[in-house]
Amino acid sequence: MVRADRDRWDLATSVGATATMVAAQRALAADPRYALIDDPYAAPLVRAVGMDVYTRLVDWQIPVEGDSEFDPQRMATGMACRTRFFDQFFLDATHSGIGQFVILASGLDARAYRLAWPVGSIVYEVDMPEVIEFKTATLSDLGAEPATERRTVAVDLRDDWATALQTAGFDPKVPAAWSAEGLLVYLPVEAQDALFDNITALSAPGSRLAFEFVPDTAIFADERWRNYHNRMSELGFDIDLNELVYHGQRGHVLDYLTRDGWQTSALTVTQLYEANGFAYPDDELATAFADLTYSSATLMR
């Protein structure tokens, strides 16, 4: 179903289901078979959501070993690279003395529970109320405790999340580290720019930002993606990202941030794989997404 302007979701529907999909891939990366990342919460969170296809994926009940694009190790490797990028971003920020951290569209992200945060750190998680409530309750039922102070900001990012964040205690006068992981493609281009405008307005000099982006989201309407989606559907994965993403050129984002005083750096997904000791796949689908870009930035003004 195509997106509506004020659509809502939980972790089993629409954009929310993509958070469950990502968590399932994190669970594969964390599985002892591969042990590429440390995330003991991904698999139980996926099981708690109750989407059959992702529960079967984390429980190794989908026969995909012979399909190169759905090979579990391939999925695990890709998600490990992404997860390590954002994990290291936050750890580097702590080493620089930053003490407040904002995870936008936090989904089933458990970094507040699993990373080694310095004493006094505050992690703000911003997402839909339904998503925040589910994750908080599920992790509590699992007996998990945050590794540092965790403050939830239950708000739609299309609403006044900046005020809600400050109401939760965020201090715009001191540096912060922000992440927008797996978020930008689900925003219209103008909403993406507005998101970065808000981040800039709330950031003191020395603040840091990490995100990834697809320069041209038209790839999700490409025949290569359609072929992949059709194969996904055969296996039970019925999320059509082409109906969830907002199309448009995103390649301006680095220049946009630079004009606002951010010093940016970027890695293509191919370079990110290489930095983690992996070879990027060379099949049709991987080639289509070879310009996926991971970026970090520091506010210099």
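Along the chain as shown, residues are numbered 1 onward.
Positions of Cβ are set from backbone N, Cα and C atoms, glycine also.
Feature list (source: Swiss-Prot):
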| type | residues | note |
| --- | --- | --- |
| BINDING | Asp127, Asp156, Leu157 | S-adenosyl-L-methionine binding site |
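Candidate binding-site residues: Asp127, Asp156. Fewest other C-beta atoms within 10 angstroms, Asp156. Taking Cβ-Cβ distances under 8 Å and a sequence gap of 6 or more within the same chain, the neighbours of Leu157 (S-adenosyl-L-methionine binding site) are Leu104, Ala105, Val126, Asp127, Leu183, Leu187, Leu195. Summary of the S-adenosyl-L-methionine site environment: with the site residues Asp127, Asp156, Leu157 set aside, the chain residues having Cβ atoms within 8 Å of the Cβ mean position are Leu104, Ala105, Val126, Met128, Val131, Val155, Arg158, Asp159, Trp161. Under DSSP, Asp127 (S-adenosyl-L-methionine binding site) is assigned to a strand (E or B) in the three-state scheme.
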